Structures are given as structure tokens and as C-alpha cells.
Amino acid sequence: MAGSKPRSGRSTSLRDTSESRMDTAGSWDVLEWTKIEPMSRSVSRDVLELLLEAEQVVVEGSGVVLVNTDEAGTLVVTNYRLLFLSEGTRKIIPLGTIPLATIEKFSKIVLKNPSASHQSEKNPSKRLLQVTGKDMRIITFGFRPRTKQRRAIFDALLKYTKPARLWDLYAFSAGPSRYQNTNPKVRLLSEYFRLLGSSYHPSPETIENRSFTLSNDWWRISSVNSNYDMSPTYPFAFIVPKAFSDEEILQASNFRARCRLPVVTWCHSGTGAVLARSSQPLVGLMMNMRSNADEKLVTAFCTKHYSLRGSSRKLYIADARPRKNALANGAMGGGSESSSNYSQSEIVFFGIDNIHAIRDSLARLRDYLDTYGATSSDGMSSFLRHSGWTWGGGNLSSMSASVSTLGDSAWLIHVQTVLAGSAWIAARIALEAASVLVHCSDGWDRTTQLVSLASLLLDPYYRTFKGFQALIEKDWLAFGHPFADRMGMPTISGDGNNPYELYRQSSSRIGSFPTSPMRQLSGSSTSITQQSPGPSHTQNSSNASPIFLQWVDCISQLLRMYPLAFEYSMAFLVDFVDCVLSCRFGNFFCNSEKERQQAGVPDACGCLWAYFEDVRSVGNSHPHYNIFYDPTNYDGPLLPPAAALAPTIWPQFHLRWACPKEAQAAEVETKCRNTLNKLAELQKAKDASERKANEVMKKLESLTAELRNEKQLSISSMNLAKKATRETNAIKRAVQSLGCNIHFSNSGELTLDIEGNQKYVYRSVYSPPRREMGSGLRDEDKSDLSVSLTVTGEDKVSTNSVSRLCESLCPLRTIDGGCRWPDASCAQFGSQFVGLKANFDAFDRLSIYDTYFGSE
């Protein structure tokens, strides 16, 4: 592929802040396309280096402009994401890079100038592609005219953003790789055992032989749904009252929508209070249908406890819906309970809106952020949208209008409603030791939000990484939140062939405002048209709704209120939501545990939890860790008062695309982390210096010890030398006392002249004594002097002369001629050699210095 060349022909920037450029033609007219290049057929090397495992390039287009930031680059569609590379640095631009599964809708747009009767070569129509993401971004790409780049990109998105089959998703192509998934059923049982107070660790064999049905004093694990025959959207095992049999469970399930009967999702180990969940009861239009099995099961949640002095605890039945919606469901066979049918019960309605209201609310919030953000999809800053110079249009009225629009989105109100309901449930269980049963219509959207958030408030374990995983796998995945439907992804039933829905204009929405990027500027003469047929495509949105995103937003609000109570950080929550929306891993595929098992997702796809464990393996310095976490001060329930439940925009998620600088300014945690990282680096440098200093000290001590040893050896050698000198002088004096002249030579020989002019030559030999050597001295340094003299004469020596010599030299000779030292071998007679051997070691033992030589 020919490399993209700098577009020097673009003489004017799209984001020119000069008012002279903001004429009635609009900012789109400043684009100039001067060079037409064909669609690339090959893949550049720098693109291949950025691909993930099993990621393949589908189509690539050069010379594309990201209108939001006025950056030119290369747009690439792979089987996993839409990738945008900067033309200059060839690096990924995050705003223009989005996973295909995160794309909610996209459309082709043409900008025409009706003032010109004929489109000339210098002023062709502007061809744009607008992409709307589920992660709060709206991005727009501009393409060169009279090329097939936009068509090729559009067709690729049309094919890969909504695959016809589940197995066409990227996660199945990538496989588990190094992020192997363990058995999710085993992890679910581990959480059940923890709740029941058991230390037993389950295994796959535990599931095969169904030996997981443990129990405590009040509750037990039931395997009645092990084959998903009772309820296909419930897990294979769940917790029920211990006194309730499996036959009664089957009877009670028939009275609840989709057979989602009341079961325990969390229990208090101290008081015995429980948090239970179910779907709506099938009481009918007249609200007169009853079930003895269901009433008995719900009443069993009001267990007696010693702290209550024998009386039954109170039971709250929390209906997440508005009261009128609950009554309206009666027309379809549903409805709500009557407190008169359930002992010690009280019915409470939370008034949380349904999935459709939440979907529209998030869409309005996204449009608001795009309209008044710094990187809007029309390439204009909110400062310049109405040719003004102040925020939001130039006057206070426009500022008030924008704030009103934010309120009209109602997103923060929906978040506050879920927070208030969860806090109310947690307070009833923690303060009153009451049991609470929560349900909505089907029991898998609003019910899941409430019970999981209330569990997080009650149990500090869920505020850790492991607990967060266990909470989601239990309340969201195991109990059948329809992730595939809510995220608009295919399931094993293959709903990918459903026709796409047309883009719905936001003018009919509450608090409507211009839809990006086609915002009509004041006095603009630019004509905006959408190509047909089917210019806008969106994923199946009839059941799509950001329920899970709303729940994570609630956690971010709690993390903002209690920054010391959570082990994970805001950065972790953002990355977690991104991974869920991207469908890179298979944990959140399908609509239920049964479907994921049938599709073989745990074995065929990578595991999101293993991925996060891998990225956190560097230690507590990773951004996912909350540096303020203090579990010792937050080891109990969190019970926020109603006055504190005032949610705000989640800047790290909501503002990161529209207002990136403001989102970063809100990262106080990031600044503290950077400071701690610098402190850690300084600490490491200090530790390294201390280690070097210790090594130097050890070497110095070693050298000092060696020097001390050398000094001792030197002193010992000097002492031995002095001793040898004394002994030599003693022998010399003894020999000279006989009238002999003695002379020592350097070669170790000595000459001895004896009276009678007899000349003898002595050859001295030194040998070490037979004693143990000290550990600190060498053998040659510790040896005493031992001299062996061999006398050779030119004339034959008489025996009498030798005897006289022996008698005169030996102090141990007795008067009668005997020898007191017979073992010394002083003399050998009868030979031509006469040896005189003085063993000074023996002399020492016999105190020769005192008896013979005398003291010196």
C-alpha cells in the first residue's frame, strides 16, 4: 500500500477559531480535497504491528479525517475494532479507535452547498461517516470524494458490528489464549459455601456427583435446577430455606414469572437475615391468585433468631417498579404481592423506570455531552457553536438551557433512584435484622441492580477484586441478566438476522437539542442529506439498554463518597466497562448460564477475570488498585444517608471523550498515584544506595579481618624467627665451649673444626615437629627448629672421640656413662657416620633451657 502523504492542500483548519472563518456556509466548507487516491489493497506494516492475537484487517482507507479533532490518518476495520492511526506518528488515536461490539449505530452523511448550482472539482460534497458508541462517544470521519473508501468501510462495519452468529464474534477467533477460564460453576459454588460459612472448596467432581448440596442451620444449596429444567434463566444451584423440600420448590416456581422463584442471594452470618430475589408473582388482573407453596417459601425467610428473643423477624417485599406499572402488569397475569397473604410482611415500591427509559436517558446524556463538549462530532467547540465567545453560546440564557438539557436527560435521577433503593435495603438488613425480598417484572434487570448493589453495601468482601468478581458472577451472570439482549449481541438462537432499525431523530426527545454532527448553525445555508436506502444502521435496540452500565455508575458514586472503602479504583471500573462492551472476552455472552454452557463459551473464549489478574500482576502500583483503600476502617456495612445520595457526572467515563482535559483534571487519584510512584522510585534508589553501602562495609570488614590475620601471622613469624635465632645461638655457644670453631653457610651447611685438626662438615635439615598446627598460622611458620647434623671426615674417626663429643654435648649423660634419653638416637656407633640429632621439641618438654643452657 502506498503510504499516506501529508495533505498540504488543506489550507484551513476545520477547527479554526477565527470568526471570519465561521461564515454562513458553516465550518464544513473549509475542507479542501486536492488529491484523489484509490482504495488500498494491501496492509501496511505499521498496522500489522498493532493487531491483537487473531485480529485480521478487513479493509483499510488512507487520508481519512477524524472530524472531532481535525486529525488526518488511516482508518482500518478489523474483525475486532475500528482502528484510526495518526498520519504523522502512525500511532493509535484513542478517540477514533473503538471495538466493533461497542458501536451502537453508524450512518453515512453528505454535506452539500446549495448555493453552488454545480458542484465543481474544488468544492465537492463532503462525505462523512458518523459512528455512535455505547461508551458515550460520537465520532465522525471525513472521506475523500469520488472514492470507494467510505462505502468499503461502511460495508465492513455493516457485516462485522452485527454478526449473524455468536461464533462469528472475535472472542471465538482469538480463543482462550493465555487467559484460560476456569469453571464458572465452581466459582459460583465457592461463593455459596462462603455465604453458608463453609470452608469446603468445591471442584468439578463436586458438580458431577452433586455433592455440593451443603447446608447450615437455616439454609441449604438445592440442585433441583441442575439440568435447567425448572427455570432456564436460573443457575444450576441456588440457596433456599433448609426446611423447604425440592418438591415444594417446584410447586412454588409455578407461581412466579418465568419460574424465577424466591431464593437467597445473600445472608447475614450473625443475625440470619437474608436478601432474596425473584420475579413478579402471577396474581392476575384481580390480584386474587395465591400459592400456598410460594407463601410458605417467602415466610421461611423470616427465620427466628436468638437475638430476636424468639419472635419472627420482619419481611420487606421490595417491588422495584412504580406502583402503577406493577398494577398494569396484572393485566398480563403478573402484578405484586398482598401483604395480607405473607406473614410479617410489608410491600414497598421503589419506582425505578424500565429498560426503555434508561436507554433513552443515556442517549440524551450522550447527545448533551457531544453538543457541549470540547471534541464534538461536528468539529466545533461549544465555545464557538453560535458564533459567540463565551461558554455554551455566548450568554447566560444559553448556559441555563444547557444545564436544563442535562437535567432533562434524567440519567442522574435514574442513578439516584437505584442508589436510594439499594441503601434502603441495606439499612433494613443491617439495622433491623429484617429480611428483604426484591423483584421487578422478570427479576433480571432492576432486581439484579438492587440486590447486587445492596450486597456490596452490606458485605466488605464485595468491595475487593475477588469479591467484585464473585458478586457479578453470582447476581448478574448466574441469575440470568440478558447481556446479549441488553448489549445488542447475537445469542445461540442466532438473532443476528433481524433487520436494523433506522436512526431515530432526537427532536422528539425530552429536552431536545440539535443532533450531532448535523447541528444547524445560525444562518447556515449548508444542506444536509442522508443517503438511501438505509443510511443509518443500529444494533437491535428493542431490548437493548445500559442496565449494567447504570449499575457500575452507581458503584462509581459510592467510590466517590467512600474513597477508602474499595480496593479497586475508578480506572478499574472504566476498563471493566470497556472490556464488557468490547466483547473481547466471553464472560458476558448470551442471556443465561444455560446458554453459555450450551455454546461452550467458557472453554472457547478468553476469560476477562484472568486478563485483569494478569494486568495487575505488577503489584499495587497498577492503576486498578485504589491507593486510598483502608479495609480496617471500613470492615462493616456502608449505610449512606439519603442526603448523601446526590450523584454527579462520572467524569472518568462520561467526559473522557467529550471533555478529555476535564476528565483528567478530576483524576486526583492519578496525581496521588504519580506522587507515590515517584516516592517509590526514590525509596528504591535509597534502598539501592543502602545495599551498596552495606556491601562496602562488609568488604571493609573483610579486609580489616584479613589485615588482622596477616598481622598475627607476621608477629608469629617474627617470634619463630627469634626463637630459632636463640636456639641457633645456644647450639653455637655449646659447640664453641668445646673449643670448636663453627661456621654456618647460606646453603644450610656448617663447618666444624675440632681439636686435633679434624674437620667435619654438617648438613642441617629442618623438619616440622609432630604437633597439631594452629588454625590461624601456616605450618612452616609454627615449626620449631630441629637440626640433624651429619659428620663426614676425611680420616677415620675413632669411637672415643665421638664419645667424648657426645659426653661433652649431652646434658643428659649420667656419671656412670648411662643415658637418660635413650630414645633420642643421639649417636650411632660402629658406623662410618656418626649422627647427632637434637630434638628441641623434646628439649622443651624436658626444660632444657633451665637444666642446660640456663635462663637468658
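Heads up, the Cβ atoms here are built off N, Cα and C, so glycines get one too.
TrEMBL labels come from automatic prediction, so no person has curated them.
Pulled from TrEMBL, these are the features on record:
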- 1-21: region 'Disordered' (REGION)
- 199-654: domain 'Myotubularin phosphatase' (DOMAIN)
- N354, I355, C440, S441, D442, G443, W444, D445, R446: substrate binding site (BINDING)
- C440: active site, phosphocysteine intermediate (ACT_SITE)
- 513-541: region 'Disordered' (REGION)
- 665-713: coiled coil (COILED)
Residues within 8 Å of the N354, I355, C440, S441, D442, G443, W444, D445, R446 Cβ centre (excluding the substrate site residues themselves): A320, T447, T448
Cβ-Cβ distance under 8 Å to W444 (substrate binding site), same chain, at least six residues away: T233, R260, S279, F479, G480, H481, P482
Cβ atoms near C440 (substrate binding site) (within 10 Å, other residues, all chains): 27
Other CB atoms within 10 A, centred on D442 (substrate binding site): 19
Greatest C-beta neighbour count within 10 angstroms, which of the binding-site residues N354, R446: R446
